[in-house]
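Participant: Annotations for this protein, taken from TrEMBL, read as follows:
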type	residues	note
DOMAIN	21-107	domain 'Pyrroline-5-carboxylate reductase catalytic N-terminal'
DOMAIN	249-383	domain 'Ferric oxidoreductase'
TRANSMEM	205-229	transmembrane segment
TRANSMEM	249-271	transmembrane segment
TRANSMEM	292-310	transmembrane segment
TRANSMEM	347-365	transmembrane segment
TRANSMEM	386-407	transmembrane segment
TRANSMEM	419-442	transmembrane segment
Amino acid sequence: MNKNSSNIMALAPNTSNKRETVCIFGTGDFGRALGHKMIHSGYPVVYGSRSTQISNLIPKDAEVLGHAEAAQKAAIIIIAIQRQHYNFLTPLAEVLRGKVLVDISNNLKLNQYPESNAEHLAQLLPGSKVVKAFNTVSAWALQSGTLDASRQVFVCGDDVEAKQMVMNIVRALGLTPLDKGSLLAAQEIENYPLQLFPMWKFPMILSLGLTAFFFFYCLALDVIYTYIYENNNFSFFIAITIPNRVCPVMALILLALVYLPGIFAAIIQLYRGTKYRRFPDWLDKWMLCRKQLGLIALAFASLHVVFTLVTPMRAFVSWRTSKGIIAQALNNKTEPLNNTNAWISDSYLALGILGYFLFVLLGITSLPSVSNNVNWREFRFVQSKLGYLALILCTAHTLVYGGKWFLSPSAYKWYLPNIYILSLIVPCAVLVVKFVLIFPCVDKPLTQIRQGWERNPKYSE
């Protein structure tokens with residue numbers, strides 16, 4: 001009986017842990033969405049508004065009062081209004097004294113004001129405890145419940161206790177709070193929603209630039225050259241043939257660029273004899289966007305796979321195949337199977353399949369949901385060891401496929417090398433230098449440096 005009673009007591013709701021009332025100043029889209037979410041999470045909500053008339057848009061379980069009266073009912077007040085309307089809060093300074101004010105506002109452009117909105121609010125109401133939070137969550141996500149992409153909430157403030165109270169609310173709403181420190185971090189937090197893929201900017205610009213270069217390079221050699229000198233109109237190559245040449249080239253080069261900054265970092269550390277000096281800014285930024293470069297490379301590799309699969313469906317391929325069959329029939333001669341070409345064909349296809357498999361594995365393990373479930377050694381093994389293996393296989397795939405053009409004079413149209421020759425420059429350079437770095441005479445001092453050893457320590461014991 002006692003055992004059953006204890007189970008019933010454990011399953012019963014704890015009515016003593018009633019949540020505190022939260023006040024929201026502002027009945028706009030975000031204020032209503034946040035209030036609705038809080039009510040569903042068990043918080044009593046009172047709105048402070050100029051008009052105390054109940055609207056159909058306001059959550060039905062919420063109370064609407066004047067600003068002063070609503071503020072007196074709660075210790076935490078969420079300021080869901082724009083900065084330009086903060087002046088109405090000044091007459092309420094005494095009512096708001098000692099209260100926790102949560103600033104959720106954003107600006108229209110980066111660094112719009114000298115100080116952050118939260119710091120400005122703290123200057124207007126020095127007797128209140130200002131905390132910055134919720135500005136990275138959208139009203140639509142709160143209303144629809146699709147918070148997967150915006151579950152993290154950045155929180156900052158000078159008062160530790162006030163910040164903890166706000167973080168408790170964040171957790172109760174099913175979100176993840178991230179403490180960013182003092183209110184000085186509010187400027188950075190307010191800039192987050194205004195940044196458009198900040199870590200993707202350099203990878204995207206680089207990818208677009210290289211894609212345009214290789215596309216026009218192929219256009220000149222495969223379409224314009226053949227039209228001028230061979231009087232063949234291959235303009236339809238623009239649709240599939242040229243993209244199917246550009247995509248693998250881009251995938252291979254971008255994959256090599258993922259591992260190239262690590263090569264530079266190792267050389268710099270060996271030269272300096274220490275790891276306690278910052279890398280150049282360009283190298284720091286490059287290393288920070290390696291994940292984005294790798295994912296773009298995977299996208300190009302996937303496009304290459306799709307283009308290759310649809311190749312047999314093309315009219316040009318069907319015409320070329322039937323032409324070869326007819327030529328053999330007219331000459332009453334059947335060409336025997338060339339075992340060498342068969343081996344080369346199967347080898348480069350096998351290398352490509354294995355390389356793409358590891359490519360996909362690298363992309364999957366870079367996802368936060370996967371990387372958070374492996375330890376650092378496992379993650380490094382996949383991204384470094386298997387990553388270099390993927391680079392080796394993809395480079396070998398390109399070498400086997402395009403190696404025959406290295407010494408062929410017909411491949412150098414207008415004295416320009418074939419696109420596959422250009423694609424091998426960066427990955428081969430990366431692999432050669434990496435091969436040198438794994439020699440014991442080089443790897444041992446590099447490992448010691450990364451473990452804290454210094455060739456010329458600044459301070460002696």
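For all residues, glycine too, the Cβ spot is worked out from N, Cα and C.
Model, not experiment: these values are computed from the prediction.
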Participant: Please figure out which one of 205-229, 249-271, 292-310, 347-365, 419-442 racks up the most CB pairs under 8 Å against the transmembrane segment (386-407).
Facilitator: 347-365
Participant: So if I exclude everything within five residues of the ends of the transmembrane segment (205-229), which remaining residues of that chain have a CB under 8 angstroms from its CBs? That is, six or more out.
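Facilitator: Contacts of the transmembrane segment (205-229) (Cβ under 8 Å, skipping residues fewer than 6 from its ends): 235, 237-238, 241-243, 245-246, 249-250, 253-254, 257, 293, 296, 300, 413-414, 416, 418-419, 422.
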Participant: Looking only at the domain 'Ferric oxidoreductase' (249-383), what is the model's average confidence as pLDDT?
Facilitator: 88
